[in-house]
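TrEMBL annotations:
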{"type": "COMPBIAS", "residues": "473-482", "note": "compositional bias 'Low complexity'"}
{"type": "DOMAIN", "residues": "9-467", "note": "domain 'Major facilitator superfamily (MFS) profile'"}
{"type": "REGION", "residues": "473-571", "note": "region 'Disordered'"}
{"type": "TRANSMEM", "residues": "44-63", "note": "transmembrane segment"}
{"type": "TRANSMEM", "residues": "75-94", "note": "transmembrane segment"}
{"type": "TRANSMEM", "residues": "100-123", "note": "transmembrane segment"}
{"type": "TRANSMEM", "residues": "135-157", "note": "transmembrane segment"}
{"type": "TRANSMEM", "residues": "163-183", "note": "transmembrane segment"}
{"type": "TRANSMEM", "residues": "195-213", "note": "transmembrane segment"}
{"type": "TRANSMEM", "residues": "219-241", "note": "transmembrane segment"}
{"type": "TRANSMEM", "residues": "261-285", "note": "transmembrane segment"}
{"type": "TRANSMEM", "residues": "297-314", "note": "transmembrane segment"}
{"type": "TRANSMEM", "residues": "326-345", "note": "transmembrane segment"}
{"type": "TRANSMEM", "residues": "351-378", "note": "transmembrane segment"}
{"type": "TRANSMEM", "residues": "438-461", "note": "transmembrane segment"}
Amino acid sequence: MQHKVLGPAIFVLSGMQLLMVLDGTVAALALPKMRDALSLSESNANWIISSYVLAFGGLMLLGGRLGDTFGRRRMFVIGVLAFTATSLLCGLAQGEAMLIVGRALQGASAAVAAPTAMALVATTFAPGKPRSQAFAIYAAMTGIGSVAGLILGGVLTELSWRLVFLINVPIGLVVGVGALWALAESQGERLSLDVPGAVLGTLGCTLLVLAVNEGPQGWVRPIVVGSFIVGTLALIAFVVVERRARNPILPFTLFDNSNRVAALIAILLSSMIMMCMAVFISLYLQGILKYTPLQSGMAVVPFAFGLGVAAAIASKLSLMVQPRWLVLAGGAVIAAGCMYAWSIATDAPSYFPGIGMPVVVIGFGVGLAVIPLTLSVVAGVGPNEIGPLTAIAQVAQQLGGAVGLVAVGAAVTSRALSKGGTTAPVETMNARQLAAQADGYGLAFASCAALAVLAACVVMFMRFTPEEVAEGQAAQQAADAGVDGEEPEARPVPAANGPSSQKPAPRRGYRPDDPPTEPIPVRPDGPRPRTPNEWSLPAPDGGPFEDEDDERLGVAETGRIFMSTRNRHSR
């Protein structure tokens, strides 16, 4: 069954995406209020954010596998309703432990709903223009939710911090019930779940983050040393399990390309910067400058506009210059904005230029750097590799944000304590302690500048060319549109009883000086059904995939041409 793009199906799927983006934005904005209401220390308050993103990132690949195995609509509905229930738990939390556990469960629910929602977009809408339009609407929810969350979160937090979670309940119920009515079941190839891999990976990351978070209060305490040791062993076991698993949740073959590894590391570092800036700017504005939550949200809105303008520029320039140069430029802009914010952190600055200017500058730098990195992850690959690489990039974003927030938060706490500060709630601090806390927030901004410089150093090892980026964009469009390879209008029409008399159009992303290949015969037995792999999505009608290119290109010939071209580009 095919659906209209502007029908109930896309509103249900994009509604869940909007809900998750809103939740992440308003939670960061409401963090100071939650910290003060529950009398949390600075380090414990960070766990309200970190517990969510750790569970989200660590379990996302498992969530996608659950949808493939048990049915995407079924798991999407379960994920949405679980997200709704855990939002209610967070909104009613009476203490620190209940709120942090609720946030972790909320992140685990999002890890099931998010990947199944993306897969349902791909399988619900017809290949070609309808599917591309559906993906565009789905992706637009990220930008809309980010800006709306800053404003809505400020309004809700002014009334009560509990409302930022309780608002999810009616929306989640509408999305969950709507999914049962508007979506058809879709199920991929049944694969083993690799639960040990998911558990070990998430456990290892969580314990290492716990060790870093608790470190400033004593690095040789048993909880710190024990967390470091057990977390490290868990990650080692994760690597061993994944290399032996029949259907690993994280295929290590995707890391064979050193250029792509550099891009993923840079994405992780950039996510650290974005998460730290979102949280610590909010804490600084509300805790030190005494902004209201609404004023704090409005003060950060220019960040989104700076990011949007830079993203539009970077998406065009990525096809003209090597992506690493754009990332270097973006890193320099981020570092400059963060260093300026550090220099004025203890001066009680006015909004402009003290706050507004670095917010816009940092947003512009993030947009200039992140877009080329996102394109580089899928540079020079075919449509079948888009799915797993995109999922790994999303995991890097989530885990990077969690690790960065806790690591920089530990540095903030250590700095404040060294200057005579305290770990008590901000509302109980005297003038001297507030000055020490402001100095700690200044160090957070300086740490973001250092992370930007580190990311710039990493991307020096990234050698992707504009041609490879264009090839990746074409593959992304092909994957979204449901075609494998070139766009439909570029395909020659074979003759009825013999080889095609038309010369095939060159594939987008190929260099014009590519040497010609020998004639390729028509397959006499017609198109060959494609055997789905663990990353394949079924056709919208549930039938098998068929590659129209196989009418004139044998599978071996197609793979040989693609690999030879990619090898020439990577040299």
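Each Cβ is built from the backbone N, Cα and C atoms, and glycine gets one as well.
Note that the structure is predicted; figures quoted are calculated from it, not measured.
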Interface present between the transmembrane segment (100-123) and the transmembrane segment (195-213) (three or more C-beta pairs under 8 A): no
Paired segments the transmembrane segment (44-63) and the transmembrane segment (100-123) in contact, 3+ CB pairs under 8 A: yes
Tertiary contacts of the transmembrane segment (297-314), as residues 6+ beyond its ends and Cβ separation under 8 Å: 29, 143, 146-147, 149-151, 153-154, 277-278, 281-282, 285, 291, 326, 330, 351, 355-356, 359-372
Result, the transmembrane segment (75-94) in contact with the transmembrane segment (163-183) (3+ CB pairs under 8 Å): yes
Seg_contact(the transmembrane segment (261-285), the transmembrane segment (100-123)) with at least 3 CB pairs under 8 angstroms, min sep 6: no
Other parts of the chain folded back onto the transmembrane segment (438-461), taken as Cβ under 8 Å at six or more residues beyond its ends: 258-259, 262-263, 265-266, 269-270, 272-273, 276-277, 280, 283-284, 288, 323-324, 327-328, 331-332, 334-335, 338-339, 341-343, 345-346, 362, 365, 369, 373, 404, 408-409, 411-413, 415-416, 419, 421
Distal contacts, the transmembrane segment (75-94) - CB-CB under 8 A, six or more residues away: 16, 19-20, 23, 63, 66-67, 102-103, 105-106, 108-114, 116-117, 120, 162-166, 168-169, 172-173, 175-176, 179-180, 183
Surrounding residues of the transmembrane segment (100-123) on its own chain - C-beta under 8 Å, 6+ positions past either end: 9-10, 13, 16-17, 20, 23, 27, 47-49, 51-64, 66-68, 72-73, 75-76, 78-80, 82-83, 85-87, 89-90, 93, 131, 134-135, 138, 183, 186, 188, 391, 394, 479-480, 482, 537-540
